[in-house]
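Student: Quick one: structure below, then a few questions.
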Amino acid sequence: MKALLTLVFCLLPLAAQGKVYSRCELAAAMKRLGLDNYRGYSLGNWVCAANYESGFNTQATNRNTDGSTDYGILQINSRWWCDNGKTPRSKNACGIPCSVLLRSDITEAVRCAKRIVSDGDGMNAWVAWRNRCRGTDVSKWIRGCRL
């Protein structure tokens, strides 16, 4: 019993840090944080991108062939946007540690996404958005959500 309690208390902080959002829950959070029509991109675009980038999972990470890593619900890259302490010559343009992108609270991820989308290439910075969302009916990603 003592071992089980120890395990639970060790894993509890990990569970509290990340989250897999539902589609509508994420849409509501993104809207509250000002992403709806930010730089001309509807909320459906952002939810679509998050679906294909991370499956709405704030703890998603993916290692790239150049040695950088993508983090969080929008898979923000350590080469350009955040600092993971491992990626050589990281620009850290959002001025944040990559670890904050793995939290259940997506405030920092949204703040950084706004910086990225304002950088000149818009949502084209997200490969999944370019390949799966651009030019499609993204309104389906928020259909039925109470926003």
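Cβ atoms here come from the backbone N, Cα and C positions, even for glycine.
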Student: Choose one of Cys24, Cys48: the cysteine that Swiss-Prot connects to Cys145 by a disulfide bond.
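Tutor: That record, Swiss-Prot, gives the partner as Cys24.
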Student: Let me make sure I read this right: Swiss-Prot says Cys133 forms a disulphide bond with another cysteine. Which one, out of Cys48, Cys82?
Tutor: Cys48
Student: According to Swiss-Prot, the disulfide involving Cys98 connects it to which residue among Cys10, Cys82?
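Tutor: Between Cys98 and the options Cys10, Cys82, Swiss-Prot records the bond with Cys82.
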Student: What subset of the recorded positions Cys24, Cys48, Glu53, Asp70, Cys133, Cys145 lies within 10 angstroms of Cys98 (disulfide bond) at the C-alpha level?
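Tutor: Qualifying among Cys24, Cys48, Glu53, Asp70, Cys133, Cys145: Asp70.
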Student: Whose Cβ, among the disulfide-bonded residues Cys48, Cys82, Cys112, Cys133, has more other Cβ atoms within 10 Å than any of the rest?
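Tutor: The residue with the densest Cβ neighbourhood is Cys82.
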Student: DSSP secondary structure for Cys112 (disulfide bond), reduced to helix/strand/coil, please.
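Tutor: Note: Cys112 (disulfide bond) is helical by DSSP.
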